[in-house]
Amino acid sequence: MGAVLAVAVPATLVTWITILVLLALFKLLLLAFGLGPLCPSLPLLPFLFTSFFPVKIQTKPKPKPPISSSLSTLHRLITAVRVLLLATIISSYRYSDRMHPYLLLAIYCCHIYLILDLGLASIAKIATGLLGLELEPQFNNPLGASSLQDFWGRRWNLMVSSILRPSVYDPVQARWGLDAGILATFFVSGLMHELMFYYLTLALPTGEVTAFFVLHGLLTVAKRKVRKAGWWRPHPVVAAPLALGLIVGTGYWLFFPPLLRGGADAVGLVEFSAVMGVFQTPSNIPCTFC
């Protein structure tokens with residue numbers, strides 16, 4: 001295990017620790033005001049688990065209807081397909097130098113989603129098995145998002161949304177209005193990502209990541225104005241492709257360049273491959289400090 005940590009410490013592990021620390025600080029801040037996932041009071045183990053991991057406990061779990069064997073088999077099949085797709089993506093990185101840059105960025109997007117989805121689902125299974133806890137879902141079919149607001153607020157990384165809503169959006173919205181609340185939330189999210197990118201690349205922040213989220217905030221406010229005025233509303237059939245195309249396009253423009261410019265993607269792939277190599281051939285353990 002020490003070898004695994006030695007391989008992962010330089011960038012990847014530091015980045016994840018940064019993410020968890022930021023989320024924990026927001027949770028503790030909300031707890032001080034009687035809000036957030038740590039409130040109402042929790043027993044010690046659930047409190048520690050919720051503090052350290054990006055999860056939210058269902059305070060009033062809904063009774064689960066009996067799942068048919070065919071539906072259970074379908075869920076297992078979907079999970080198996082996701083695992084297979086992730087393994088295929090990891091294997092494809094050996095040919096990354098031959099890939100078109102846009103194709104490689106698309107693969108990165110899929111990799112990020114699958115890692116988060118499968119990783120957080122595993123945490124939920126552990127919480128259910130060891131602590132008997134039911135957790136809120138982390139994702140809600142992001143590919144079905146009909147707008148930027150729908151994607152960021154109701155479908156993607158719902159744990160972060162549930163923290164930013166009471167800590168940033170609600171107080172700003174109550175004082176300066178709905179549009180200010182939206183813009184402030186996207187701005188704070190951008191600053192958090194800027195900090196994470198700094199620890200990942202060790203390069204001075206350029207503001208591009210913050211600009212990515214601020215732009216999405218401005219577009220969300222603009223769409224509200226257009227929709228309220230009744231000028232234009234895209235058909236549901238084209239709304240999802242438009243939203244995802246906008247996210248991917250602006251991501252290529254502002255989100256990914258800081259990572260690619262500093263070579264953080266290459267470093268991450270090397271470290272990820274090294275960690276996978278430890279599990280595949282534990283007798284041949286690499287170490288980045290040797």
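Cβ coordinates are placed from backbone N, Cα and C, and glycine is handled just like the others.
Automatic, uncurated: that is what TrEMBL annotation is.
Copied over from TrEMBL, here are the features:
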DOMAIN    136-214  domain 'Wax synthase'
TRANSMEM  6-26  transmembrane segment
TRANSMEM  33-53  transmembrane segment
TRANSMEM  73-90  transmembrane segment
TRANSMEM  102-124  transmembrane segment
TRANSMEM  196-215  transmembrane segment
TRANSMEM  236-255  transmembrane segment
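Helix, strand and coil counts from DSSP across the domain 'Wax synthase' (136-214) read 61 helix, 0 strand, 18 coil. Long-range contacts of the transmembrane segment (236-255) within the same chain: residues 102, 105-106, 109, 143-148, 150-151, 208-209, 211-212, 215-216, 219, each at least 6 residues beyond the stretch ends and with a Cβ under 8 Å from a Cβ of the stretch.
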